[in-house]
Amino acid sequence: MIAARAYMPDGRIGTGLERLEVEVSRLMALFAEAGAQKVEPGALLDADVLLDLYGEDIRGRAYVTQDPVLGERMLRPDFTVPVTQMHAAHGAEPARYAYAGPVWRRQEPGSGRPTEYLQVGFEIFDASDAARVDAEVFALFSAALAGQGLAVETGDLGVLFAAIDALDIDARRAGMLRRHVWRPKRFRRVLDTFSNTTRRAALLDQTVEDWRAAALTASPQNGIRSVDEVIARLSDLAAERELPELSGEQRQMLQQVLDTKGSLFSALTELTELSHNFPPLAKAAQRLEARIAALDAAGLDGGALPFAASFGRTTMEYYDGFVFGFVDRERPDLPPVASGGRYDALTAALGPAIPAVGGIIRPEALLSRKAAS
Amino acid sequence: MKLGLPSKGRLQADAISWFSQFRIEISRTDGGREYAGSVIGLDGIELVLLSAGEIPRELAAGRIHLGVTGTDLVREKIADPSVITPVQEMGFGHADLIVAVPKLWIDVDTMDDLDDVAARFRADHGMRLRVATKYHNLVRRYFSEHGVADYVLVDSQGATEGTIKNETAEVVADITSSGETLRANHLKILSDAPILKSQATLFASATAAWSPETRQIADELAARMSVASFTPPAQQK
């Protein structure tokens, strides 16, 4: 057991370890050939940065430890954040980085998923032609995994954001939807509240003076959220009752975009069609078109790639554009052997907005398939 | 067979009288000051007096065979539910783990509201809405199930209801039975179902060393309680 590592019962000793080292070197050599500079971020990260970015949920997924001086530290749950920080501090654009090392994840008891595993990754920070850069990363991962018999999945969270824009609704409501793109259940709840105009009608019918009196009768000022904030929100809620409900056509469009599944080409056709009535979707369609052309130019059959608009929606928070995964359909016990995508929103949250796209390969999962086959 | 009981208080007194219905008489030595006691009525039970909060851990580690504690503490502290088996709910120590906000927040009734408030609060105050609790795991899971973002848990091991007035939190998630402390601190409970409904429960450890002798005692206890045998299946050698 002591020689076991993620997906490889003998991965820490002898030939198992050698095979792994050879595979990691092969991938790192490929990434270096693609122009990447090697980086090695620290394993202990500032917990505040990750908490700000991912919210409290990250505590359930990462190991937290305490330093008497530095405060809360987290064992690196991924490389994206520290690599982005390194780039922001030292890098000049455009830049390509490669890295290899362990990440640590807390797992639900009984899930059987490893708490420590290797990632070999590649990231590009480049503000030029997004379609070309997306295609470069995808083509690189395709080449690295060629002949492995893995199924490809792609998606684009930017298409979902475009569908929200295409609803052409009140800015606050659009913001609520955008905020919860990665949480489908909450997204649905938010949509439902748009059509629920009867909830708390008695309260919302009252005047600002009534609300102030009601709040201050209920309780003295308690805590830092003020009566004015309560009243401001009630005013917004009351005003929102006057907004039109989503039309059947709007709902149908949103659902159709969320359900889009097929090839990149069929998705392009579908979005182009929808954009006649919902013009903001035209931009998303153009992005798919540019992606197909860029993938074709990189020597891949872009239009034929599988595409699902909702792919990566629940698992890849902070990816906000093109996303991809390489999976083994015969091995549901394995995570995606590789995954990645565009994360412009993450760099913007960490500091200066730098368009960025990248991905990781899980070499242990990759080798465990070879052992099994 | 080691039986863990809360070391003091109402929970202990209720547990002692609960066991007496099964002809098991527990008495504290030295008028209750010394943390020791004796068990009469079923031979071979050794009493271990512990803080109720430590009983889940001792059960999980297999250092005690049986223990009395609240479901809330077991669910919060034990990540792997398979190591502790609930034997019988005891019908006292009822309490709900709930989410409460200031009564002043007349705009908030549900977790849906709370999520919306969290987003606005972060925009207005430049920090995430602070939720004071000692039940970090249960609360995080509950907020995650409700898809609430933009909040942060702050640890509060006691007097949690006071954290809002002290301006160290905006929301509390705590155990309550009558709700009186909440009311006294000008707080109200959200109308969603509670995070957890808890009560005092007799638990058995699946990891303790269950010898033929301890199994026999446990089976006798199970028979008196009219419940199925709760000892784990004997390990195949």
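Note that the numbers count up from 1, one per residue, in the order the chain is shown.
Note: Cβ is positioned from N, Cα and C throughout, glycine not excepted.
Remember, it's a predicted structure, so these values are computed and weren't measured experimentally.
What TrEMBL annotates here:
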BINDING   A:Asp78, A:Phe79, A:Thr80, A:Arg105, A:Gln119, A:Glu123, A:Arg313, A:Tyr318, A:Tyr319  L-histidine binding site
DOMAIN    A:19-237  domain 'Class II Histidinyl-tRNA synthetase (HisRS)-like catalytic core'
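Structure with TrEMBL features highlighted.
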{"residue": "A:Asp78", "record": "L-histidine binding site", "DSSP class": "coil"}
{"residue": "A:Gln119", "record": "L-histidine binding site", "DSSP class": "strand"}
{"residue": "A:Arg313", "record": "L-histidine binding site", "DSSP class": "coil"}
{"residue": "A:Tyr319", "record": "L-histidine binding site", "DSSP class": "coil"}
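The Cβ of A:Tyr319 (L-histidine binding site) lies under 8 Å from the Cβ of A:Leu157, A:Gly312, A:Gly341, A:Arg342, A:Tyr343, each of which sits 6+ residues away along the same chain. Of all Cα pairs drawn from A:Asp78, A:Phe79, A:Thr80, A:Arg105, A:Gln119, A:Glu123, A:Arg313, A:Tyr318, A:Tyr319, which the record names as binding L-histidine, the longest spans 21 Å.
This prediction places the mean pLDDT of the domain 'Class II Histidinyl-tRNA synthetase (HisRS)-like catalytic core' (A:19-237) at 93. If you count neighbouring Cβ atoms within 10 Å for each of the binding-site residues A:Thr80, A:Gln119, the highest count belongs to A:Thr80.
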